[in-house]
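Participant: Please find one structure pasted underneath; my questions will follow.
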Amino acid sequence: MSDFGTPPVIPQEFQQYNSYEIDPQWQRKFSIIWASVLAGAVFFSIPHLARSIRSNRAFTGIFGVRERYPGMEYIPIVDEKRESLNVAPATAATTKRSRTIQRLEGVLSMVGSVLLWSAPGLGVNLGQIILLVAYAVTLVICIVKDAVLVENANRAGFMAIAQLPIVFLFATKNSIVSLLLGPGNGYERLNFIHRWSGRGMFLGAVLHGSLWINNHLVWNIQIIGSQKETSGVAALALLCIIVLTTARPMRMYFYQVFFWIHVLAFVAFFITVCYHTIYAPPWIFPPLAFYGFDMLLRLFKYRIKDATLTPVNKDMTLIRIPHCDAGWEAGQHVRLRVFFSGRVFESHPLSIMNASTPTSCLTGSNRGGIILGARVRGDWTRALNVYATSERAAILSASSTKTDSDDEIIINPDVPIQVMIDGPYGGSSVDLGRYESVLLIAGGSGATFTLGLLDDIVGRCVRLERSRGERTRRIEFAWCVKSFGCIEWFAPMLADIARTVEGVEGLDLHISVYVTCLCNPDAVPMIPNMDVSVYRPSVKESLKQLITPPSSSSSSTLEEVMGKVIDPESGVPPSISTKLPWIPLGGGVAVCAAGPEGLTREASNAVASVSLTRGVELGSVGLHTEVYSM
């Protein structure tokens with residue numbers, strides 16, 4: 001055979017664009033980029049994860065809650081006369097860690113505080129915005145770089161399905177990412193990536209579909225007919241349904257409809273996109289693996305338990321699940337199904353508002369197991385409260401024939417019920433025991449989160465006698481409510497915790513309740529070291545007061561206001577610094593805020609401002625927020 005030499009090389013400008021060879025390369029580049037960023041985040045989280053492992057906080061509840069029956073648990077021996085109890089920090093902050101480490105933590109806190117800034121209406125802070133902008137820029141570059149989208153829109157379609165692993169990795173309740181990032185980085189804190197990557201996927205799909213439809217119209221090609229075109233239009237329509245039904249009003253008022261549309265539409269999308277292109281299945285296997293891992297861990301976490309309902313009033317219902325004293329920690333939440341009135345298919349997240357039995361300061365019926373609080377807001381919580389109230393009335397009616405000796409027992413009976421638990425999930429990213437000063441601030445039902453943290457840190461310092469080296473010395477618990485009647489929701493628990501701290505050297509607690517409505521002021525319970533103020537506080541001002549030494553002229557203010565209702569119109573409200581004994585700065589400050597988005601945003605901005613100006617002086621400023629909204 002004759003040798004005709006090497007074939008001629010076609011000039012670049014005359015080569016035909018082969019999307020099936022070039023576009024998958026951009027898929028791989030995009031995947032390498034986001035996987036590298038994720039690996040970097042995990043790497044920088046190693047110190048946090050290591051500290052959590054040492055304190056036994058890491059991987060808590062990975063296999064669900066566990067039971068401890070009477071006689072199984074260890075309960076520390078505590079002197080009944082708590083007034084004489086003398087518990088002081090093992091060592092002062094300045095001697096426990098070197099000044100160099102202290103200053104380094106302060107510098108890191110100051111630098112990182114810039115990323116905490118948040119603007120109204122966005123739902124994300126500056127750090128998250130930077131991450132999302134980088135994601136969007138990377139995605140756009142991968143879609144348009146060296147692509148001829150008008151003539152061949154395949155690149156946009158390839159990049160749409162390349163985002164499926166991200167969408168599912170950050171959507172599942174039990175994500176491997178949450179485990180690697182350490183406590184406090186649950187699905188609820190990573191879900192913003194799921195939402196925005198889903199929108200990025202929708203952008204790619206719309207760009208791909210609209211350009212192909214336009215080409216078909218220009219060249220007079222039938223759009224619906226062949227399998228490829230028909231399945232492509234169907235897949236795009238399913239994505240449109242998924243995105244439209246994720247609007248906030250839909251999630252707020254029709255959550256169950258949103259949930260089932262979300263699940264069923266994605267199953268249908270997977271099927272149709274596999275019919276649409278043979279390049280889809282390799283990108284569907286990872287999401288199926290992530291979802292399978294999530295379902296496997298959920299099987300370990302599901303529990304059906306006996307529980308009791310307590311309607312505190314028409315606005316709050318307490319759910320007590322006895323014996324469940326292990327496999328969770330204060331600040332986590334469970335997804336709860338209550339078997340009543342045919343509503344067994346509804347699952348709702350509720351925060352655990354107490355610490356486990358060995359640690360908890362609570363007494364009586366509040367001691368032991370898990371306590372949850374469901375504030376009446378939507379139809380499910382309202383139906384639960386109505387059911388508990390009516391069942392209590394039925395129990396009282398049935399018990400009316402009992403003797404007088406039983407009257408005390410049946411005054412406020414609890415309502416027995418069965419529940420299904422899925423969890424625990426989430427938790428605080430801040431270990432309060434590492435900070436000398438703590439500010440816990442909540443709005444409304446957000447107190448279910450901060451109350452659990454308060455019970456835990458006080459119990460660790462007093463009942464467990466700082467066995468983990470806790471350094472906490474001052475705690476300010478602030479709670480914003482609409483009316484005085486709301487205080488009775490958790491008054492017995494707050495009273496138990498406050499009495500635990502009384503007479504303890506080295507730990508001081510002050511409780512501030514802020515009421516915005518002058519309704520029933522006689523409903524204020526007597527709780528040690530608590531005062532009630534009729535105004536809405538500023539989180540930034542509260543934080544500044546906590547870290548500002550009191551003036552000499554205000555030294556007597558504490559005795560004058562303790563336990564009273566304070567009206568700011570009658571005078572200037574006393575500073576927090578006058579309500580708690582002053583300690584030198586440098587041991588760190590922790591801020592945990594829970595409630596409406598406005599409150600948590602205000603807390604984030606307050607911490608950002610204080611850390612930026614006084615981060616080195618304070619040692620470090622830790623922040624954790626929990627948003628109570630859909």
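Backbone N, Cα and C define each Cβ position, glycine as well.
Small disclaimer: the values here were computed from a predicted structure and weren't measured.
In case it helps, TrEMBL gives these features for our protein:
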type	residues	note
TRANSMEM	32-50	transmembrane segment
TRANSMEM	126-144	transmembrane segment
TRANSMEM	156-181	transmembrane segment
TRANSMEM	201-219	transmembrane segment
TRANSMEM	231-247	transmembrane segment
TRANSMEM	253-275	transmembrane segment
DOMAIN	297-431	domain 'FAD-binding FR-type'
Participant: Mean pLDDT for the domain 'FAD-binding FR-type' (297-431), rounded to an integer?
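Facilitator: Mean pLDDT for the domain 'FAD-binding FR-type' (297-431): 90.
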Participant: Grab the same-chain neighbours of the transmembrane segment (156-181) for me: Cβ-Cβ under 8 Å, and only residues 6 or more beyond its ends, written as numbers and ranges.
Facilitator: 19, 23-24, 26-27, 30-31, 34, 38, 41-42, 45, 48-49, 59, 62, 139, 142-143, 149, 187, 190-191, 193-194, 197-198, 200-205, 207-209, 211, 273, 277, 279-280, 283-284, 286-287, 290-291, 293-294, 297-298, 301, 335, 422, 425
Participant: What does the DSSP secondary structure composition of the domain 'FAD-binding FR-type' (297-431) look like, as residue counts for helix, strand and coil?
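Facilitator: Split into helix, strand and coil, the domain 'FAD-binding FR-type' (297-431) gives 31 helix, 49 strand, 55 coil.
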Participant: State the residues, same chain only, that lie 6 or more residues beyond the ends of the transmembrane segment (231-247) and have a CB under 8 A from a CB inside it; answer 'none' if no residue qualifies.
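Facilitator: Answer is 195, 198-199, 201-202, 205-206, 209, 212, 223-224, 257-258, 261-262, 265-266, 268-269, 272-273, 275-277.
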Participant: By Cβ distance under 8 Å, which residues at least 6 away from the ends of the transmembrane segment (201-219) in the same chain are close to it?
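Facilitator: Residues 139, 143, 149-151, 153-157, 159-161, 163-164, 167, 229, 232-233, 235-236, 239-240, 242-243 contact the transmembrane segment (201-219) from elsewhere in the chain.
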Participant: Are there residues at least six beyond either end of the transmembrane segment (253-275) with Cβ under 8 Å to its Cβ atoms? List them, or say none.
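Facilitator: Hits for the transmembrane segment (253-275): 161, 227, 231, 234-235, 238-239, 241-242, 245-246, 281, 284, 345-346, 630.
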